[in-house]
Amino acid sequence: MRNEVSPIKDHFGRALKDLRISVIDKCNFRCTYCMPKEIFGKDHVFLSENELLSFDEIVRLAKTFAKLGVEKIRITGGEPLMRRNLDELIAQLTVIPGIKDIALTTNAVFLPKTAKKLKAAGLKRVNISLDAIEDEVFKQINGKGVVARPVLKGIEAAQEAGLEVKINMVAKKGMNESQVLPMARYFKGTNIILRYIEFMDVGNHNGWDFNNVITKKQIIDMIDKEMPLEPAEENYYGEVASRYRYKDGGGEIGVISSVSDSFCGTCTRIRLSADGKLYTCLFASSGFDIREKMRDELTDEQLEEEVTSLWGNRRDRYSEERSEQKNNNRKKIEMSYIGG
Ligand code: SAM
Ligand code: SF4
Ligand code: SF4
């Protein structure tokens, strides 16, 4: 048995617990709120093979993080299933001592081909993004004219493979308010938890405006009128989704209210981009180049020191500052680059 690690703490005493790893910046979709096709067009230059962290480099970093307190890993992108042989990476991450949970966020289109291999590699759960159940709306959102069916097939494949599935739906005015109720109806009673995500001001290219945010309160009011809800308790410390149960026993939904609430006080997450930059906040302007340090042949101990110092100096609290109306126009990293 391995002794529990005492996690390193940041400037405000927040422990380091979660690592989000983006494995690729490319995506098969061009969701209007994430990678608008006008900006991520044919001329957009994505990271080259050599710029991407190799699996060996990712695993080495994950081991370093596990020694410093990380227990949960989330794999994301871009579209993570566009990274070749992802199951081989998962297999190496699941056996790292101290890592208790590995999850994957995906648009699900490639799950019919990969779900079984991912499960066999040790993956237990997937969060699948689906922003509309009606084809005409979904086609507009994903920017590629893809209907809902391939995503639904991906969901089926994940379930058949034995993966736990949650659905994430970004809710944005002028985009998919018409889908809030149809999505709830579709997933109610299925054992699949649907989580609504408030449209966030990540990056500089998605035309974010507070007026386009459908708030947690608006979402809950809308659903509660037709399908009465009651609040459910938090599952674990720092859970970002507020949970609600259908009063008739039809299961539960969640709302991730990153705009109307602030989670900075319990934020235990660090993010690793596909090209090896570490970000201590989703709304950061710049990252710390850990790939360069690794390729400069730092020892494992030196790597640990670098991360400890980075986390120790962390003072990020963007969501709290946002509500104080500061800092809204500065340069920020893009969601498709860091993966959420
Ligand atoms: N391609 C994968 C997917 O869509 O699941 C993984 C990467 S994607 C960037 C991760 C999650 O971030 C998705 O659920 C997506 O809907 C969400 N997302 C992207 N931009 C967002 C924004 N501006 N506000 C809220 N959520 C956003
Ligand atoms: Fe791709 Fe996911 Fe962004 Fe949509 S949300 S463009 S699927 S990375
Ligand atoms: Fe964490 Fe930054 Fe989000 Fe606050 S704004 S919860 S520090 S990622």
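A Cβ is built for glycine as well, from the same backbone N, Cα and C atoms used for every other residue.
Whatever TrEMBL says is automated annotation, not expert-curated.
Remember, it's a predicted structure, so these values are computed and weren't measured experimentally.
Marked as GTP binding site by TrEMBL: R20, R74, T105, K166, R269, I270, R271. Annotation for R20 (GTP binding site): same-chain Cβ neighbours under 8 Å, separated by at least 6 residues, are I73, R74, T76, R269, I270, R271, L272, I338, G339, G340. Under the DSSP three-state reduction, R20 (GTP binding site) is assigned to strand.
Annotated [4Fe-4S] cluster 1 binding site per TrEMBL: C27, C31, C34, in sequence order. Listed in sequence order, N206, E334, M335, S336 are the same-chain residues six or more apart from C34 ([4Fe-4S] cluster 1 binding site) with CB atoms under 8 A from its CB.
With a 10 A radius on its CB, S129 (S-adenosyl-L-methionine binding site) counts 20 other CB atoms from all the protein chains. Annotation source TrEMBL lists S-adenosyl-L-methionine binding site at Y33, G78, S129, M200.
DSSP assigns C281 ([4Fe-4S] cluster 2 binding site) to coil in the three-state reduction, placing it in neither a helix nor a strand. For C281 ([4Fe-4S] cluster 2 binding site), the count of additional Cβ atoms within 10 Å of its Cβ stands at 20 [all protein chains shown]. For C264, C267, C281, the entry in TrEMBL reads [4Fe-4S] cluster 2 binding site.
The annotation compositional bias 'Basic and acidic residues' is assigned in TrEMBL to 314-334.
Positions annotated as domain 'Radical SAM core' by TrEMBL: 11-230.
The annotation region 'Disordered' is assigned in TrEMBL to 314-340.
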Listed binding-site residues among Y33, G78, T105, K166, C264, C281 whose Cα sits within 10 Å of C27 ([4Fe-4S] cluster 1 binding site): G78
Cβ under 6 Å from ligand 1: qualifying binding-site residues of R20, R74, K166, M200, C267, R271: M200
Cα-nearest neighbour of C267 ([4Fe-4S] cluster 2 binding site) within the listed binding-site residues, C31, T105, M200: M200
Cα distance (Å, whole number) from C264 ([4Fe-4S] cluster 2 binding site) to Y33 (S-adenosyl-L-methionine binding site): 23
Length of the line joining the Cα atoms of T105 (GTP binding site) and C281 ([4Fe-4S] cluster 2 binding site), in Å: 18
